[in-house]
Structures are given as structure tokens and as C-alpha cells.
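Below is the structure I would like to discuss, written out as C-alpha cells.
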């Protein structure tokens, strides 16, 4: 997700059409224990013993490779390109041949997407009101690590910090150490998960709610994202995608507490193309028309994401920063101080140019690193990404998919049964 730099006068603060059953989980049935051999009858012994609940064993997550030993992973959803000028691509044998030459490249994305689907299924079935943000982040990220069978290495694993932005916070929030924020029944939480394999990042997000009063907000954003996916393709102008997205998104409104709110595109948030080990790589995909006549090209990978809001439809940075990433092309910059050099070595060895958060540094045993981290930010070696917010009291939602522009068709690689 990328942001625009324009800044209007309004002051303000990353979806799935999902309903989670917040009722209490079913209690496992109880069984009668066997009587002890102390001369008592089985009945007497059973009456004196307390009934014991069956212990429910948690299913252990195993590496995704175990499910696909041949290394061939499920394909995503195939869509034909929207422009008539591209109709020949569907039947072109030459284009199919070119696509096969990049098979390993595509398999990395498909592996990451299958991990993503399994992780978000676990998240959707496990997250409940009352959990704190660190519990939720750990649930998701530890699942990614287990399926990838890598502990956040540069080979495969977490593509970026899990976004868990609540309500008017649209993106770039994940808990830092000590954060006590708890998920409430009336919250609107954007769940943004990244998985990478050999630097090929699958970026996909949904919004989780428990109260059906947000249904129209979620539907608006989900339909807008699907519109962006449908309109995207080789030779399509970025401006035209934004125009189509806005038309769908802003045809919706939401009633809340007796008041009707128009649902607005958050106009300074965009989709983006994805590079190797780079979550943002050059082009941005607007969600409103912006005059950008740049075209999508064959072989590119894009994250098509849209954000809707009941607020001003514009976000600004606010709050404690948790997200960071090393800027590419900064190896020649002089590193300010020994502690900053040491921290930079840790960043290079564990993340490269993939985004990361403070919790990941904590997990690696780093401590007292904030001064050195701020020095790297000021030197331009590391980029900080603070939370971005719409006006307080508003609600924001997000849906996102990763698409692959094959020579003959596009593949919505992150598509699942859920969204």
C-alpha cells in the first residue's frame, strides 16, 4: 500500500465481507472415568471422581511443502484481460510458451498464496473479541513461519509486519512490545498479511468485523477491490482503474446509529506494483482518477487494494511507529555510529529490503536499539512507516489481492473461497 503526498486542509486520521460467530465455543463432551480397583463398585467410584473433560489436541501446523511434495502449488483465479486489443493473448501459443519459461517464478507466488490462504483461515476461525493485538499478531505470524518452515529468513516467510489497524486507523499499525490494545466487539480491524518465497511477495488483506452494522462498508470496499482486479491488465492505464474503483466504492453508503454516511475512497492510499523483496516498486494504482496515463505491463505483479472510509477519505500519519524498511540503494550512505552499524547488519542479514517491525528485532534478541534505529531513519537508510489515520470516530475498511500479469492471462493468485 502506498500513499500520496498531497495534504488537504481537513484534519484526519489497509477486507473481507466476513462475519465471525462470537458465541462461546462448544465445550467438549465429558466422559466417565474408569473405577479404581479399591473394592468400590464402578458406580461408586465414578460418583466419587470428578468428571474430566476430554483434552482437545491442537492440530500441529506442518510445512506447506509436505502437502505439495512435487513443488506444484494451486493456481489462483484466472481472468482474461479487459482490453479487446489483448484478446489474442488468450489463444497465443507463443505467449503460453513465454509463461512456462517463468514457471519457477510463478510457483513461488502460488506457494506464498497457499500459505496466505491457510493462515488467514486460521485467523478468521480463531480471532475473537477480548484478544489483545500481540496475541493476534503472534497467531498469524507464527503460522506463517510454520507453514514456510523458515523463521523469518530471506528465503521464505513473513513478507511484512501483520497489519491490525482498528477503526479510523487505515494502515501501518502492528503492536510494539507492551501494547495492551484489546480487540472489541464493535471494532473494524483491517488484517493485512504478507508472505514471501524467495522475495516474491503475496500481499493480501481483508477486514474483520463482528457486528453486521458494518456490512455495507465491507461490501463497498470488497466490490471496489474486485472491480480494480477486473479492470487491471496489460496496457491498461492506471488512471482508468482508479476511475472504475471510485465509481463502485462511492455508490455505497452506511447507516450508523441513525445517521447515514457516504462511503468515500481514501484518496491518498493506493495499490502498487511489487518487486523482488520490495513491497512497493515504482508504480501506484490509484483508487480515484488521478490523471496517471502510465500503463501496466506484461510480467508485472500488482497489489490491487482499496480503502473505504466513513470519514474524510484522507489519511495522515499519527501515532507510535512500528513499521520500518531499509531503503534500496543506500549502501553508500555513511552509517552514523557503531550501534547503528551493528543494527544495520542485523537488518541486512534478516530482512534485506523486506519491511519489518520492532517486535521482530525484539525476537532476534536486540534491545536498547531505538536511538540507533532513529539514526538510521534520519540518515535515510531506513524508512519509517507510522500508522495512517482518518478522522477519529470514523471507520475504515480494506480489501486487497495480488495479481500476476502473465503473457496470456492475469492470475489473481491470492484469491480464496473467503474473498
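Cβ from N, Cα, C; glycine included.
The shown structure was predicted, so the numbers you read here are calculated from the model rather than taken from an experiment.
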Of the candidates 400, 411, which one does Swiss-Prot list alongside 192, 203 as binding divalent metal cation 1?
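For divalent metal cation 1, Swiss-Prot names 192, 203; of 400, 411, the listed one is 400.
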Can you find which of 121, 168, 272 Swiss-Prot lists as binding divalent metal cation 2 at the same site as 203, 305, 400?
272
With the cut-off set at 10 Å between Cβ atoms, which of these binding-site residues ends up with the most neighbours? Options: 172, 272, 280.
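Selected residue: 172.
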Just name the winner among 305, 400 (the binding-site residues) by count of other CB atoms within 10 A of its CB.
305
Within 10 Å of the Cβ of residue 192 (divalent metal cation 1 binding site), how many other Cβ atoms are there?
27
Please identify, among the binding-site residues 272, 280, 305, the one with the smallest Cα-Cα distance to residue 192 (divalent metal cation 1 binding site).
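That would be 305, the closest of 272, 280, 305 to residue 192 (divalent metal cation 1 binding site).
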So among 203, 272, 400, all listed as binding-site residues, which is physically nearest to residue 280 (substrate binding site)? Use the C-alpha atoms.
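Nearest in space to residue 280 (substrate binding site), counting only the binding-site residues, is 272.
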Report, in whole Å, the straight Cα-to-Cα distance of residue 272 (divalent metal cation 2 binding site) from residue 172 (substrate binding site).
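Counting only the Cα atoms, the answer is 15 Å.
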